[in-house]
Amino acid sequence: MGDRLRLAVGIMGNASSLLLYAAPILTFTRVIRKRSTEEFSCIPYIVALSNCLLYTWYGLPVVSYKWENFPVITINGLGIILELSFIFIYLWFAPTRGKIKAGTITTMVMVIFTVTAIISAFVFHDHHHRKVFVGTIGLVASVAMYAAPLVVVKQVIMTKSVEFMPFYLSFFSFLASVLWLAYGLLSHDLLLASPNLVGLPSGILQLGLYCKYRKRGIIEEEPSKWDLEHNNIQEKPKHMQLSMNEDVKGKI
């Protein structure tokens, strides 16, 4: 029963993470259409790539015991494909300075991952120590990935607008954190559960801000529209009166 529940939670976690990883498709559709990266940053996608690389390696039998973390492999393996696609599109349409910056950071991430994989495979000789080593580095990458939206949170608080914080992205981030926290606890694997202790509060904060400023935005927009219409109604008689006076003067 416990293994079935863990597998079910892992499948649901995969579904929510897939929606989370696929969310930037709309952003990059816009980049391709405009043939410009505009003000978008590539760093969140590079951080997500490092997270997917490390946890794919973590789930493989080299680090984990046999295929105990197969759901972790599937979703993060798919995440690697998606994030590499986003980074490639960014590099294709970015200006020269952006290409150099994104290419340098991506290269650093690949080097760190390669060194981590080599050390875990050849220095440590049992699954426990390999999991601790890779999981600790993966924890840092996960915290960086979940902390990235805090920049947008700051912008939401300053502008009191949720324009730059899509609801579904925040919701799926929250849902994925809940499910992977549950999966880690059911697996008795704190290294899988721990990153979501950061992602969960971050998701709650984003949803809370969305609810707060979405309602405020609706309340503030409606009076402004009514005022505009009201002013137009008041201005019409003035224009009509001015026109009548000019006609009278012309006849005189």
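Using N, Cα and C of the backbone, Cβ positions are placed for all residues, glycine too.
If you look up TrEMBL, you'll see 6-28 (among others) marked as transmembrane segment.
Beyond its flanks by at least six residues, the transmembrane segment (40-58) meets 21, 24, 27, 31, 64, 69, 72-73, 76-77, 79-80, 83-84, 86-87, 90-91, 94, 98, 101-102, 105-106, 109-110, 112-113, 116-117, 120, 131, 134-135, 137-138, 141-142, 144-145, 148, 191 of its own chain at Cβ-Cβ distances under 8 Å. Taken from TrEMBL, the feature transmembrane segment applies to 40-58 (among others).
TrEMBL lists 70-93 (among others) with the feature transmembrane segment. Long-range contacts of the transmembrane segment (70-93) within its own chain (CB-CB distance under 8 A, at least 6 residues past either end) are made by residues 7, 10-11, 13-14, 17-18, 21-22, 24, 28, 31-32, 35-37, 40, 42, 45-46, 48-49, 51-53, 55-56, 58-60, 64, 99, 102-103, 106, 183, 192.
Note on the transmembrane segment (105-125): residues 42-43, 46, 49-50, 53-54, 57, 62-63, 87, 133-134, 137 of its chain, located 6 or more positions outside it, place their CB under 8 angstroms from a CB of the stretch. For 105-125 (among others), the entry in TrEMBL reads transmembrane segment.
According to TrEMBL, the feature transmembrane segment maps to 131-153 (among others).
Sequence annotations record features per position, and here TrEMBL assigns transmembrane segment to 165-186 (among others). Beyond the transmembrane segment (165-186), the same-chain residues lying 6 or more positions past its ends with a Cβ under 8 Å from any Cβ of the stretch are 2, 5-6, 9-10, 12-13, 16-17, 19-20, 23, 71, 146, 149, 152-153, 155-156, 192-197, 199-200, 202-204, 206-207, 209-210.
The transmembrane segment feature in TrEMBL is assigned to 192-211 (among others). Sequence-distant contacts of the transmembrane segment (192-211) (same chain, six or more residues past either end, CB-CB distance under 8 Å): 69, 72, 135, 138-139, 142-143, 146-147, 149-150, 152-153, 156-157, 162, 165, 167, 170-171, 173-178, 180-181, 183-185.
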